[in-house]
Amino acid sequence: MKVEDYFHDILRERKIHLTLIDPEEQTPEEAVEIARAAIRGGTDGIMLGGSTTDSSELDNTARALRENIDVPIILFPGNTTGVSRYADAIFFMSLLNSTNPYWIIGAQALGAATVKKMGIEALPMGYLVVEPGGTVGWVGDTKPVPRNKPDIAAAYAMAAEFLGMRLFYLEAGSGAPEHVPEEMIALVKRCTDQILIVGGGIRSGEDAARVAGAGADVVVTGTVVENSDNVEDKIREIVEGMGSV
């Protein structure tokens, strides 16, 4: 089954949770243990990537995951090095509010042939960085959307939808002190029919409930997993929070 179809099947019943693993933060073996714990906690898939990912570390981690877990592995590339044949799909995304054309379409053009050759399912996605933006905001030369300007985010989302992007990601940044504002999530969801993904600053079941309740179809957590002593329990808390709305 294609990953996009998998998403739609789940969304007929409930929200989706994805766990983000950065290959540079642990060994492939440790990544497998994190993924297994997250799956036991209720996650629906593993996102793999980071803002500064090394291709060899990514490939080794993707292969280890492929051999040991059954949920989809979705690449979350920070550059052209963020591609591996061992993944099921890739968020083929444009960093919409970058000031550098490289991140809007240049890197995508450079990586497209590799994705095609490897036969990875490409999920067309608009990616928007919201204040504070974190590492991705700095690396990606962005003008982060102000937290009190939901209409700007909605305008980007509608433009992305009209350009054919079927997914839209609101990103507060890895380790952000707060998640994307609920008003912004709600307005974007009202304005488009895209699968709406929200990540950054989601640390608790309460955070996840607010984000999902505002309209997020997919909730992503990463830093909270890296910092947790009990990944299974933390993911379960977040997934249960999402299920409460």
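Each residue, glycine too, has its Cβ placed from N, Cα and C.
Among the features that Swiss-Prot reports, Mg(2+) binding site is placed at Asp22, Ser51. Annotation comment: Swiss-Prot describes Tyr169, Leu170, Glu171, Ala172, Gly173, Ser174, Gly175, Gly200, Gly201, Gly222, Thr223 as sn-glycerol 1-phosphate binding site.
Everything Swiss-Prot records as a feature, shown here on the structure.
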{"residue": "Tyr169", "record": "sn-glycerol 1-phosphate binding site", "Cβ contacts under 8 Å, 6 or more apart": "Phe91, Met93, Met125, Gly126, Tyr127, Leu128, Ile197, Val198, Gly199"}
{"residue": "Glu171", "record": "sn-glycerol 1-phosphate binding site", "Cβ contacts under 8 Å, 6 or more apart": "Tyr127, Leu128, Val129, Val130, Gly133, Gly134, Val136, Val180, Gly199, Gly200"}
{"residue": "Gly173", "record": "sn-glycerol 1-phosphate binding site", "Cβ contacts under 8 Å, 6 or more apart": "Val129, Val130, Pro132, Gly133, Gly134, Thr135, Val136, Gly137, Gly200, Gly201"}
{"residue": "Gly175", "record": "sn-glycerol 1-phosphate binding site", "Cβ contacts under 8 Å, 6 or more apart": "Gly134, Gly200, Gly201, Thr223"}
Recorded sn-glycerol 1-phosphate site residues Tyr169, Leu170, Glu171, Ala172, Gly173, Ser174, Gly175, Gly200, Gly201, Gly222, Thr223, farthest C-alpha pair in Å: 17
Cβ-based isolation winner (fewest other Cβ atoms within 10 Å) among the binding-site residues Asp22, Gly201, Thr223: Thr223
Secondary structure at Gly175 (sn-glycerol 1-phosphate binding site), reduced by DSSP to three states: coil
